[in-house]
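Asker: Let me give you the structure first, and then I'll get to my questions.
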């Protein structure tokens, strides 16, 4: 039995019901699935599993604005309203949440990793609704556990921050997940392939830039780079990064976008990547056929305005799943 795991029992769609897939919405079509069901066998074809990570403990430790614990419900509510474009050959299962208010951050990350591993065992592509960006380490661990030690797994992070901070004194938090991945790779004598899109210089200290400069395998584009380059050149940079890689894990921190587009985040951003450009880049990553799982993190509903940020996060999910389904 999975620890800290709670299957979904409540629908987030409250509109009319229509059996016609041409007019259906996500909330009508998504089906509940219990990962602890002993009768489950691997699925055939391309299908997705949506799981919430109800934790912002890492944000609290990192002195950010707490509230991301409420994000999975907020994103589900927005996603449920979107039109269903996936036909009847692709399914998105809502498998519930990882939740444990009295559990440590490390325990919850471990529980998420086991749930991700189980999804992969059932041939379901994971979609994780954070939670703080501590979500990423648990998601990454689960994906790695589903692979053999020699298998590659590149990481693309759309984020204003590197999240490569050392964690010896404070312990893991929302700003250390990719340093933990890096350290794991060093311990296993693997190269950590990591590409950050949307870095803001005023959000990262010189120690982090120095660490990146000295670390083989880590690349980044600033938000200003992306603005000047345009999406086609950004996509070519991603292609070069993914050359020779068979798998990529994608994580989207909603603080990559300006406060005008994403006001409800753990750490607001005055500058930021254009969401329209981001959609084109995300679709390109999905079209590579290498994307094995993705998450959206750091939505903070208590700080949101008219659900703008939750809706944007749901929009990214909509387009990523659509392209992944087409390239199955």
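Here the Cβ of each residue, glycine as well, is placed from N, Cα and C on the backbone.
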Asker: Can you find which of 56, 253, 255 Swiss-Prot lists as binding Mn(2+) 1 at the same site as 133, 159, 163?
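Answerer: The record-listed residue among the candidates is 253.
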Asker: Rounded to an integer, what is the Cα-Cα distance in Å between residue 133 (Mn(2+) 1 binding site) and residue 255 (Mn(2+) 2 binding site)?
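Answerer: That comes out at 10 Å between the alpha carbons.
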Asker: Taking the center of the Cβ atoms of 159, 161, 253, 255 at the recorded Mn(2+) 2 site, which other residues in this chain have a Cβ no more than 8 Å from that point?
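Answerer: After dropping the recorded site residues, what remains is 133, 157, 158, 160, 163, 198, 203, 254, 256, 267, 269, 298.
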Asker: Near residue 255 (Mn(2+) 2 binding site), which residues of its own chain have a C-beta under 8 A away, given they sit six or more steps off in sequence?
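Answerer: When sequence neighbours closer than 6 are ignored, residue 255 (Mn(2+) 2 binding site) has 159, 160, 161, 262, 265, 266, 267, 268, 269, 272, 298 within Cβ distance under 8 Å.
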Asker: Tell me, if you would, which residue among 159, 253 (binding-site residues) has the fewest other CB atoms within 10 Å in the structure shown?
Answerer: 159
Asker: Out of 133, 161, which of these binding-site residues shows the lowest number of other CB atoms within 10 Å of its CB?
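Answerer: Looking at the binding-site residues 133, 161, the Cβ with the fewest others within 10 Å is that of 161.
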